[in-house]
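S.K.: Structure below; questions to follow.
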Amino acid sequence: MTDSLPSASVFDIETFVAKLPKAELHLHIEGSLEPELMFELAQRNNVAIPFDSVEAVRAAYDFSNLQDFLDIYYAGANVLLTARDFEDLTFAYFKRIAADNVRHAEIFFDPQTHTDRGVAFETVVEGIIAGMNRAEAELGVTSGLILSFLRHLPEEAAFATLEMAKPYLDRFIGVGLDSSEMGHPPSKFERVFAACRELGLKICAHAGEEGPPEYVHEALDLLKIDRMDHGNRAMEDEALVARLAKEQMTLTVCPLSNLKLCVVKDLKDHPIPNMLAKGLHVTLNSDDPSYFGGYVNDNYIQLAKAVGLTREQIIQMARNSFEGSFLPDEKKAQYLAEIDAYVAAN
Ligand SMILES: Nc1ncnc2[nH]cnc12
Ligand SMILES: [Zn+2]
C-alpha cells in the first residue's frame, strides 16, 4: 500500500526556496546591470560599448579572478549617466528579486565609479533612491542603501567622497569597502571608517574574499565592522573562526560569485557547510547577479544541490538574513514571523 503514503517527505528545494521570505545583504547595484539594459542605456545615452550583441556581453563574463571581473564591471557602468538610468537599474533589480520573494535588500553602490567620470553624486543617489522608493510602493520590498568606498583608490579619495555624501547622510544606512582586495588592506581606511562611525553609519567591509585572514582581523579590529562581506578565507584561521562564531558576526557569503571568480574551484568545495558547522552567522547573497549568473534563489538552490544543504540549514540562513540586516528590531521580528508562518505551512 506504499502508493497511499504521503509523498511530502521528499524535500523539493526549488519549490521550498522559491517562496521562502528572505533578505539580500550583499548586492552591488551596478552588478545587477543586465546586458539587455546595458544595450538600452548605451543607445539612449549614445555611449559606445565594446560589444555588438547581448550574447557577446555574456560571453565576455568569463573570469579568472576578482580583478578580471572588476575591469569589465567598471566598464559596464559607463552607460549609467542620468538619474533615470540609475532609477531604471535599481527598479529592474527589485522587480527581479520580488519574484524570488526577497522581502528586504540592503544594496551597495560605488559613488566613485560615477563621480570620477563626471556624473554628479546627487544624480546617482537621487536615481537609486527613486528606484528603491518605487520598489517599496509597487512591490512591497523594503531596502537600505550602503555607500561603498573603492579600496584601490587612496584614503583621501574616500574622505572626499564622504564629504560629498554629507548632505545626504540620512539616505544611507551604512558604508562599505569593496573593489580590489589584495594589496589594499582595511588598515588603509582606518581613519575614514572612524569618521563614518562618528557620523552614526553602520560599517561593512569586504574581507577574506581573496585577501588573507589578517585582512579579516583588520576589518574587525581597525574598521570595527558591524557586518562582514564574504569572509571565506577566515576559515584558514581557527581562532578567528571561533571569534566570529562567538561574536555572531554576520557574514554575507556569495556562492555563485565565489565560483565565477575562482574563489572556489567547484560549488561542491564551498565552505558554507563548514561555516554552518562552526556556528557562523552566514547568509546567502548574489553579489553581482548579472555577471555571476544568478540571483538570490539561484544561490540557495545551486549551493543546496552541490553541497546537500538540509531544509533546516536553508531556513537558518534565511532567518540569519533578517537578523543580520540593519532593520529596526520590530521590523526584523515581522519578517522572521513571515518565515515562521511559511515554514509551518510548507
Ligand atoms: N565581489 C566583489 N568584490 C569586491 N568588489 C566588488 N565590487 C563588486 N563586486 C565586488
Ligand atoms: Zn561584493
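Every residue gets a Cβ built from N, Cα and C, even glycine.
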S.K.: According to TrEMBL, His26, His28, His206 bind Zn(2+); which one of Asp100, Asp266, Asp269, Asp287 is annotated to that same site?
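M.R.: Among the candidates, TrEMBL records only Asp287 at this Zn(2+) site.
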S.K.: Around His26 (Zn(2+) binding site), which of the listed recorded positions (Glu209, His230, Asp288) come within 10 Å, judging by Cα atoms?
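M.R.: Close recorded positions: His230, Asp288.
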S.K.: So which recorded positions are near Glu209 (active site, proton donor), with CA atoms within 10 Å, out of His28, His230, Asp287, Asp288?
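M.R.: Among His28, His230, Asp287, Asp288, the ones whose Cα sits within 10 Å of that of Glu209 (active site, proton donor) are His230.
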S.K.: Which of the listed recorded positions (Glu209, Asp287, Asp288) has the least company, meaning the fewest other Cβ atoms within 10 Å of its Cβ?
M.R.: Glu209
S.K.: Where the criterion is a Cβ under 6 Å from an atom of ligand 2, which of the recorded positions Glu209, His230, Asp287, Asp288 meet it?
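M.R.: List returned for ligand 2: Asp287.
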S.K.: Helix, strand or coil at His230 (site 'Important for catalytic activity'), per DSSP?
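M.R.: Strand, per DSSP.
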S.K.: Near His28 (Zn(2+) binding site), which residues of its own chain have a C-beta under 8 A away, given they sit six or more steps off in sequence?
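M.R.: Looking at Cβ-Cβ distances below 8 Å from His28 (Zn(2+) binding site), excluding near sequence neighbours, one finds Tyr73, Ile107, Phe108, Phe109, Asp110, Ser148, Asp178, Asp287, Asp288.
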